[in-house]
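Chemist: As annotated by TrEMBL, domain 'Nudix hydrolase' applies to 38-194. According to TrEMBL, the region 'Disordered' annotation covers 67-91.
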Amino acid sequence: MEIGGHDLDDRGKVFSSIDFSESASTSPALPTPESFFPKRAAVLVCLFEGVKGDFRVILTKRSSNLSTHSGEVSLPGGKAEPEDADDRATATREAKEEIGLDPSLVTVVAILEPFLSKHLLRVVPVMGVLSNQQAFIPVPNIAEVETIFDAPLEMFLEDENHRTEEREWMGEKYLIHYFDYETEKKKFLIWGLTASILIHAASVVYQRRPSFPEMNPKFKFPTNIKGEISMR
C-alpha cells in the first residue's frame, strides 16, 4: 500500500522510514489544514525486564522475501483497520498477527506522541509491558517477519553505536538516526522511524534526553488537527 511514498508496504505494515515527530511537522507546501487528514497506523513498543533488571524492547526484522525494504528492523505494527476500536487495538492486533503476542499478555501503560512521516503517515507508538514473559512464545509470521529479537531500551539514549545523517526537507535540516546492535552473533541496523520512536520512548521511560542531538525540523502544524496531538 502506498501513502504518497513508502511508509506502509503492500500488507499495510509500518517499516523504518524518514520521519518527523508531529511537533516538527508540515510546511506550507503540503496539504492545506482543511484537507490534511493523514493515514493512521500504530506500532507496539513492548517492554519487559531483562535478566540484568534493564528494560528491553521487542523488535522484528522484516522478511527477506518482501518486495519492499526487506530485512529492515521495525516495531510490530501497521495500519488501522475499521474494526480497531483505537490505537491500542491496532498495535496489539498487529503484534499478534506478526509475532504471535497475545494482547492479554500486554498491559498498555502509555500512548506516546504520534510521529508524522515525510509521506504523511501518522504513526502512534503504543507503549506496553509484557506481564508474563514465560507465557509469550514468539511465533513469527514468516510472510512478514524473519527474526524476532529484543534490545536494551536505554541504548537509544546513548551515543555508543549511534550515528546520524543530515538531510534537508522543505528548507529545514534534520537528522536521521542509525543504531548498530549485535546479539547472538547477529547484527541489526535500527534506523529512521523506528529509531526515532525508540529514542522518544526511552526518553519517557528514563526521564532524560539522549546524549546526542535529535535535530527535528520545525514546521507549523495544520490547525485542524491540533486538538488531537500531543505536542512537545
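Residue positions begin at 1 at the first shown residue.
Using N, Cα and C of the backbone, Cβ positions are placed for all residues, glycine too.
Keep in mind that this is a model prediction, so the values were computed, not measured.
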Chemist: The domain 'Nudix hydrolase' (38-194): mean pLDDT?
Modeler: 92
Chemist: In the region 'Disordered' (67-91), how many residues does DSSP put in helix, strand and coil?
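Modeler: For the region 'Disordered' (67-91), the helix, strand and coil counts are 5 helix, 5 strand, 15 coil.
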